[in-house]
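Taken straight from TrEMBL:
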COMPBIAS  199-224  compositional bias 'Polar residues'
REGION    197-224  region 'Disordered'
TRANSMEM  13-37  transmembrane segment
TRANSMEM  49-67  transmembrane segment
TRANSMEM  73-96  transmembrane segment
TRANSMEM  108-130  transmembrane segment
TRANSMEM  136-157  transmembrane segment
Amino acid sequence: MLWIYYALLKKDAMLLITINTFCVFIQTFYIVVYFYYGPKKEKLVTLKLILLFNVFGFGAIFFSTFFLKNPLIRLQILGYICMGFALCVFVAPLGILRKVIKTKSVEYMPFTLSVFLTLGAVMWFFYGLLLKDMNIAVPNVLGFIFGILQMILYAIYKNYPKKMVEDPKLQLSAQQVVVDVVKLGSTTVCLEVNAVGPNPNNGEGTDEAQNIKTNNTTDASNEV
């Protein structure tokens, strides 16, 4: 949205308007799908981030620049802001690069994404260069560098076997399941013991209940 606002103020960057409008629709579709299938806790975090950046953040930038009297200063300030966010977008893959080096696996870094990231950075760099707009050209230099670095890492680690990263949350969930099964077994044993009453005809009812309790406890432990 920032690039669309920047292009509208610039008045001679129609490609920025058309391409970024298409990107807004695509990203909105991604967010809708995520809200439909994502976990409730993560959806709340995502909603807070959307409100923080897309609503309040964009609103603050818009109202703080739109009413500036000098259009050149307004465009320059907005261009610096757009360049800063573009640099953040291209720096974001550093986390993926670290995971690839740590796990020696490229399953989290698709090759086609790296290729199109590099091609897109090259095209936008030349577009900004032809327009003599460094706000467009400079961030894509960094995008080109990171795109090349991702393809190099892919070539290095593509033949390594896939390694699943151990998630402590998953291990904790597995332990919780085992504990719940043990508790369930104990509850079942207690119910079975309570169902056995003493025999009023002889004094062996209590011994019989104790024997059943011992046998059921042993069976439940073997099942777990």
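Glycine residues also receive a Cβ, built from the backbone N, Cα and C atoms like all the rest.
Just so you know, TrEMBL annotations never went through curation; they're auto-generated.
If you look at the transmembrane segment (73-96), the same-chain residues 6 or more away from its ends with a CB under 8 A from one of its CBs are 2-3, 5-6, 9-10, 61, 65-66, 108-109, 117, 121, 133-135, 138-140, 142-143, 146, 150. At the 8 Å Cβ cutoff, the transmembrane segment (108-130) and the transmembrane segment (136-157) share at least 3 close pairs (sequence separation 6 or more) and count as touching.
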